[in-house]
């Protein structure tokens, strides 16, 4: 039984189907296989998955210091509302399409259905690869952030320890493998999504209250709201601000994550739009207040940028609380949030690989399009995606510059496919 096309929705004679009675959400026209998955996600669990991946304040915590040279505090204080405003329109578009045609393939399926027939297949192919590539680089980025935080905490507690790339590389692979395991059994994912949602918000609340209250000194209002720093090399401040917006855009990356759970959710045409828009609202609130609190608590900027831990936010915590163990505790909250984010990243990339494979978009697609009925996950697609993320970690070992350049394409790839 197929979900009606958009053209049919306006007809008064259309039969409205109950979503949970649909054995399989609509797939591409050339996909004849049955890929049923158990509908297990509710509104809260799918919101948990969606926000856990986007996790705006966590993303900003990683981009906070690097963005200072591209606009300073003003970049984040005014850039985050600007990007949030644009993201509302992106979210509305995604919500409309997800409501009309709920399908785990998401963007590449919609392109195939709505683009002119002459260009539909190549455009769908490019869109599918952009979506999958973006999810892979997102996983690599979060893996690196969590790995760097873990190694940085060790260095903070062992001042004679010198961090090398190989230390972070090993931690990266351990983190990637650890979070891979959570996605090997599909029935626990809704519970994990709900837990990580609450964990992220509780961690945010603790940091928001604790760091400013313990900081020995605070920046003035002018520094936070009226300081623009341009060390980008561009003479024009406007260009520097636009370039720097890529850092603010981290707060709203991967807004489509809930879309790709459409075939595992009850009433996807209802819960997915709510999840997308709620993710933007929660993301804006948490990210904006987080950057304001952190900039007010910033003490020694040079020490934060040049920290031996290689984790600027950890050094900021240490400056504020004045105690190594307290700083490590606060950083562990960010690490726990990052683990939840990475679990959601693995969920996203496996669904994108699976749906793209069932539409013939990847080599050996017949194999990667299969669902493991016992585990209730696209296990082969999951293994494939996690392996690519592990390989990307090797790129970091060879060249941190090359790795970082790939990672910083995530907001661009995400925006381009939308």
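Placed from the backbone N, Cα and C atoms, the Cβ positions cover glycine too.
Unlike curated entries, TrEMBL annotations are predicted automatically.
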So which range, 7-34, 119-146, gets flagged transmembrane segment in TrEMBL?
119-146
May I ask you to indicate which of 301-324, 325-348 is given in TrEMBL as transmembrane segment?
325-348
Any contact between the transmembrane segment (119-146) and the transmembrane segment (166-185), i.e. 3 or more CB pairs below 8 Å with pairs at least 6 residues apart?
yes
Relative to the transmembrane segment (325-348), which of 166-185, 192-211, 271-296, 379-398 accounts for the most Cβ pairs at distances under 8 Å?
192-211
